[in-house]
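Everything on this sheet refers to the single structure shown next.
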Amino acid sequence: MPEPAKSAPAPKKGSKKAVTKAQKKDGKKRKRSRKESYSVYVYKVLKRVHPDTGISSKAMGIMNSFVNDIFERIAGEASRLAHYNKRSTITSREIQTAVRLLLPGELAKHAVSEGTKAVTKYTSAK
């Protein structure tokens, strides 16, 4: 009776990591590229507002995307305002005006007051 065919030996558990941490020709390990995000800051705000609430990684991804989107909109609008007024520098005034233009009613008022408070705190700490 013929013996059952032997399957190929199973790959070792750590084999995939060895591929990602490949060494360069000069023997140094390749540095992983750092992915910047606002997750640390979103988490800090969440814990300040709702200390007993957590957040999933999917929700954190959505929050990160939201912050990036709002940042780009405000920066774009502030840039346009500076260009219209023939200025080469975006100041807190352009940011404030951009926020007033982009955010609706009460949300804009709160954002402006929080921004003013942050700028005051920053300048007094200098």
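Using N, Cα and C of the backbone, Cβ positions are placed for all residues, glycine too.
Taken verbatim from Swiss-Prot:
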COMPBIAS  1-12  compositional bias 'Low complexity'
REGION    1-36  region 'Disordered'
CROSSLNK  LYS6  SUMO2 cross-link
MOD_RES   LYS12  N6-(beta-hydroxybutyryl)lysine
MOD_RES   LYS13  N6-crotonyllysine
MOD_RES   LYS16  N6-crotonyllysine
MOD_RES   LYS21  N6-butyryllysine
CROSSLNK  LYS21  SUMO2 cross-link
MOD_RES   LYS35  N6-(beta-hydroxybutyryl)lysine
CROSSLNK  LYS35  ubiquitin cross-link
MOD_RES   GLU36  polyADP-ribosyl glutamic acid
MOD_RES   LYS44  N6-lactoyllysine
MOD_RES   LYS58  N6,N6-dimethyllysine
MOD_RES   LYS86  N6-lactoyllysine
CARBOHYD  SER113  O-linked glycosylation site
MOD_RES   LYS117  N6-succinyllysine
MOD_RES   LYS121  N6-(2-hydroxyisobutyryl)lysine
MOD_RES   LYS121  N6-lactoyllysine
CROSSLNK  LYS121  ubiquitin cross-link
Spatial neighbour of LYS86 (N6-lactoyllysine) that is closest, considering only the recorded positions LYS35, GLU36, LYS58, SER113 and their CA atoms:
SER113
Cα-Cα separation of LYS117 (N6-succinyllysine) and LYS35 (N6-(beta-hydroxybutyryl)lysine), in Å?
30
From recorded positions LYS44, LYS58, SER113, LYS121, the one whose Cα lies nearest LYS35 (N6-(beta-hydroxybutyryl)lysine):
LYS58
Would you mind checking how many other C-beta atoms are within 10 angstroms of the C-beta on SER113 (O-linked glycosylation site)?
10
Neighbour count, 10 Å Cβ-Cβ cut-off, for the residue listed as 'N6,N6-dimethyllysine': what number do you get?
8
When you measure from the Cβ of GLU36 (polyADP-ribosyl glutamic acid), which residues in the chain that are at least 6 apart have a Cβ under 8 Å away?
none
